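To keep things clear, I will list the structure first and then write my remarks on it.
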């Protein structure tokens with residue numbers, strides 16, 4: 001029985017805790033979401049949980065189900081901010097909350113499903129940025145959504161392409177309010193360091209180390225500008241930097257812009273300039289930006305409908321294996337690329353209207369439009385002009401560098417990351433063809449029998465342009481590709497517009513010679529002066545060992561993607577070709593690793609934000625406790641003095657009443673005593689009168705009898721008159737004495753009472769002075785205590801910030817270490833590939849050079865066969881020496897590369913340490929300044945309080961003096 005009672009006692013608190021569980025308006029507890037929603041697929045993996053595609057079992061409505069593992073009520077409260085924001089928002093361009101469940105320690109948030117997907121995923125799928133009309137529509141819709149959010153006192157704080165979803169109707173939906181803030185007033189400021197680094201505004205970045213400069217809703221305007229750059233260039237500014245290291249770049253550098261501003265409209269550039277204003281005070285609001293010419297003219301969302309249609313189009317993929325056995329083949333022929341490109345803001349129009357051919361130097365694009373019959377016109381251009389146009393507008397890339405796919409709709413930059421750094425396409429990388437320029441000659445593809453062979457001189461001119469200084473830095477990588485556009489003629493036949501070149505024999509040799517001629521001098525010190533033919537051959541078939549490329553084609557695969565979709569009843573077919581290399585896999589791996597770093601940062605931010613929230617709640621509770629304690633002490637002191645005053649007044653009243661009673665009694669007793677004495681005196685007076693009467697009678701009796709009667713009568717009349725006068729006088733004297741005596745006693749009593757009242761008044765005033773002095777001392781003490789508490793709380797906040805910063809620095813160093821290891825491993829792998837490839841290259845070269853040397857001996861032979869054999873042996877020995885020198889050179893090159901890589905890694909580590917030290921120093925400086933400012937503020941507050949104390953004392957003394965005078969006046973009147 002006893003144990004059961006104890007069990008009940010111990011179970012009671014648990015029951016009470018369950019009853020106290022906080023209830024939320026928009027969250028269903030203990031309801032299994034699987035009873036109402038069916039999971040039909042997985043959409044992705046977010047920073048805090050997985051996202052599934054779900055369908056309502058009753059209505060069939062689709063939703064994106066965000067499932068988050070939630071371990072405590074505190075974590076649940078963090079996620080409730082997003083749920084409350086979504087529930088309170090009802091806007092065309094903001095995702096809607098359909099349901100929210102908390103079941104089995106899992107939070108399930110059902111959000112409106114957007115079939116178009118996220119914009120960043122669309123850009124990766126199409127391998128290009130968006131065109132300007134599409135960016136305009138997205139920008140306008142985002143501004144309208146932001147205007148609504150800001151009017152609802154909500155700061156999104158995480159705007160980016162990944163949080164912009166598209167519907168099939170061509171509308172956007174802002175999503176992911178996980179780090180958003182809901183304020184109580186529009187101009188409320190925040191100091192939380194939260195968001196994704198690349199899109200953070202400078203004032204948000206500064207909150208990492210400076211909490212005294214909070215930000216407001218205009219931080220979203222900066223993120224909007226960065227997002228527009230991301231839409232145009234696939235990646236945000238500074239994307240080549242580590243997520244942890246980009247923060248200092250944002251804080252110190254000038255506002256970013258487009259990599260190639262000339263390729264975009266002036267309105268776009270001006271819009272970005274206004275949105276990316278470093279000063280939040282002058283940064284425009286969403287309502288002001290809606291009046292900007294960049295978005296004010298947008299009245300349709302057709303560009304987004306086209307984008308969604310292309311992204312959701314049926315895709316047919318075909319992989320072509322380009323493997324060729326290098327040992328059995330002739331030197332590879334490099335086909336010049338006919339790939340005029342267009343401005344990124346014009347590319348989508350090309351894909352839909354088919355007015356101009358376009359593409360890039362490394363992607364094969366085929367576009368097919370089935371609408372109205374079209375004819376194919378061929379313009380005749382002199383060969384020299386063709387060569388100049390081609391040499392100006394085409395570039396050749398190397399085999400072994402990573403290629404980034406260019407879709408049939410864009411000449412996009414490389415969105416991948418090589419060696420952890422971006423390789424964006426600059427103006428030198430990809431030339432564009434403006435609409436005003438004449439189009440390149442269009443040639444029908446000849447049959448194999450009539451396929452023309454370009455003269456070697458023509459091909460030399462094709463490949464001499466990349467040797468120019470401004471091209472070498474950007475066009476060292478060459479890639480043979482074919483540009484093809486397919487159009488249907490009126491008869492329904494497919495015409496293929498292409499530009500092909502075939503090389504054979506000496507033409508190929510001449511082409512290779514001119515392509516790699518700039519590298520021929522590298523090995524000139526190996527051959528003997530007497531071996532001129534050997535030097536010539538070495539120059540003709542030199543190998544680009546620096547870049548690890550060869551003159552023969554490597555084994556590669558080409559991925560062809562064909563998309564077919566309808567736009568306003570027009571069927572559009574876009575074919576893109578992309579050469580698959582190992583480097584692309586590395587780029588994808590680097591992209592994945594960077595996403596992982598961002599995810600780690602997001603988790604770290606969330607954890608830090610939660611810790612900071614817990615600390616702020618603790619500090620707030622401390623302040624409230626101190627305030628309550630101060631109020632309690634103040635009220636206790638006031639109550640004490642109020643009680644003392646009441647007791648003093650009560651004692652005074654009782655004393656006065658007692659004195660009055662005593663005085664009344666004494667007055668009554670004295671009056672009674674005097675009256676008794678006066679009665680006795682009166683009796684004595686009467687006795688004296690009687691005695692005098694007797695004396696008169698005796699005197700009359702002594703007289704003769706005949707005189708007695710008249711004399712008696714006369715004497716008695718005189719006696720009666722004298723007695724009456726004496727009696728009246730005696731009584732009057734007695735009365736006067738009584739009155740004087742009583743008045744004297746009353747006056748004495750009044751004086752005693754007034755003196756007592758005066759003493760009590762002095763005591764009361766002294767008590768009031770003591771009370772006010774005590775309260776003033778308590779106020780001053782409270783000021784000091786409050787200052788000390790604020791100071792300690794500030795130190796606690798900065799201690800947590802330092803702890804979080806050190807934790808973040810450890811994460812940065814860990815990521816930097818992994819990054820450096822990845823770079824070293826990639827370099828080792830590449831060098832191993834080059835070492836493995838070099839023997840094969842040398843065998844192929846030796847075989848080809850030997851064949852050519854023997855041919856030259858046959859042509860120029862002037863000696864015997866023995867001499868020719870000796871020359872062949874000598875040539876073989878020279879080849880062996882040359883190959884040995886090449887291997888040695890490669891080894892030295894690899895060692896230099898490794899040293900440079902290790903030096904670069906050390907430099908990265910030192911730079912990171914320097915940045916971290918700067919952050920720590922900045923945080924310490926800011927803490928010192930805040931503490932100093934807090935001390936100055938306290939001193940100023942104390943000074944003002946003391947200045948205000950003097951008039952308060954004077955007012956009190958004046959009031960007490962007035963009361964004292966009033967009491968004295970009343971006493972005088974009394």
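Backbone N, Cα and C define each Cβ position, glycine as well.
For 37-295, the entry in Swiss-Prot reads domain 'Protein kinase', with the evidence type sequence analysis.
There are 17 other Cβ atoms within 10 Å of the Cβ belonging to residue 51 (ATP binding site). When secondary structure is read from DSSP and collapsed to three states, residue 51 (ATP binding site) falls in the strand class. The ATP binding site annotation in Swiss-Prot covers 43, 44, 45, 46, 47, 48, 49, 50, 51, 66, and the record cites sequence analysis as its basis.
Among the features that Swiss-Prot reports, compositional bias 'Acidic residues' is placed at 320-332.
Positions annotated as compositional bias 'Polar residues' by Swiss-Prot: 343-353.
The annotation compositional bias 'Basic and acidic residues' is assigned in Swiss-Prot to 382-406 (among others).
Positions annotated as compositional bias 'Basic and acidic residues' by Swiss-Prot: 458-477 (among others).
Feature annotation from Swiss-Prot assigns coiled coil to 605-729 (among others); the stated evidence is sequence analysis.
The feature coiled coil is assigned by Swiss-Prot to 870-950 (among others). Per-residue pLDDT, averaged across the coiled coil (870-950), gives 89.
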Chain-internal residues near residue 43 (ATP binding site), provided their CB is under 8 angstroms and they sit 6+ positions away: 51, 52, 53, 64
Around the Cβ of residue 45 (ATP binding site), the count of other Cβ atoms that are within 10 Å: 11
Residues near residue 49 (ATP binding site) in space but at least six apart in sequence (CB under 8 A): 66, 67, 68, 69
Mapped DSSP class for residue 45 (ATP binding site), helix or strand or coil: strand
